[in-house]
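A.B. asks: Pulled these from TrEMBL:
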type	residues	note
DOMAIN	11-123	domain 'VanZ-like'
TRANSMEM	7-28	transmembrane segment
TRANSMEM	48-67	transmembrane segment
TRANSMEM	79-100	transmembrane segment
TRANSMEM	106-127	transmembrane segment
TRANSMEM	134-154	transmembrane segment
Amino acid sequence: MGSKKFTFGLFTVYVFVLVWLVLFKLQFSLDYIERVRVINLIPFHQSLFSEVYSNIRIFIPLGIYICMLKSEWAFSKKVSAIVGFTLSFEIIQFVLAIGRSDLTDILANTLGGVIGIGIYQLIFKLLKHRTNIFINLFSLCVTSFVMYFIIFIFKRPI
């Protein structure tokens with residue numbers, strides 16, 4: 001399997017987990033999700049630091065994967081993709097009334113993606129052509145751990 005296909009496979013798993021985390025709030029049924037339709041356009045209004053920090057962390061891989069899959073894109077195009085991706089989550093939450101659409105989330109998620117771009121560039125400076133192999137191996141370990149956590153800790157089928 002080619003490196004790009006392997007990266008895309010890991011990215012696909014990441015997106016599924018991200019959707020489950022962001023939209024479904026780690027639930028296996030929509031019945032358990034709070035049905036609200038709220039938009040907060042005031043940045044950091046009633047936001048807990050832990051939520052902002054968590055959003056930043058979970059979107060770091062998005063920036064890394066975009067660099068791996070679309071290395072030819074300019075920085076601004078990568079950031080635009082991150083903004084579009086995170087904005088789509090907020091729109092879906094509002095339309096389906098499955099969460100609060102929040103400008104803080106968009107800012108934090110985008111910052112996480114930009115940090116991911118920076119991490120990728122730093123690793124690239126250190127490892128050059130071995131960067132994607134290193135990140136794929138690291139991502140495989142993290143993805144395996146996350147899948148183990150989902151399957152054995154929650155003890156529910158995927």
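Cβ atoms here come from the backbone N, Cα and C positions, even for glycine.
The model shown is predicted, which means the values in this text are computed figures rather than measured ones.
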A.B. asks: Can you count helix, strand and coil residues in the domain 'VanZ-like' (11-123) using DSSP?
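C.D. replies: Helix/strand/coil tally for the domain 'VanZ-like' (11-123): 79 helix, 10 strand, 24 coil.
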A.B. asks: Under 8 Å between C-beta atoms and at least six residues away from its ends: which parts of the chain pack against the transmembrane segment (106-127)?
C.D. replies: 43, 52, 55-68, 75, 78-79, 82-83, 85-87, 89-90, 134-135
A.B. asks: Using a Cβ distance cut-off of under 8 Å, indicate which of 7-28, 48-67, 79-100 has the most pairs with the transmembrane segment (134-154).
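C.D. replies: The stretch I would name here is 7-28.
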A.B. asks: Taking a Cβ cut-off under 8 Å, which residues six or more beyond the ends of the transmembrane segment (7-28) line up next to it in the same chain?
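C.D. replies: Sequence-distant neighbours of the transmembrane segment (7-28): 1, 58, 61-62, 65, 68-69, 89, 92-93, 96, 98-99, 132, 135-136, 139-140, 143, 146-147, 150, 154, 156.
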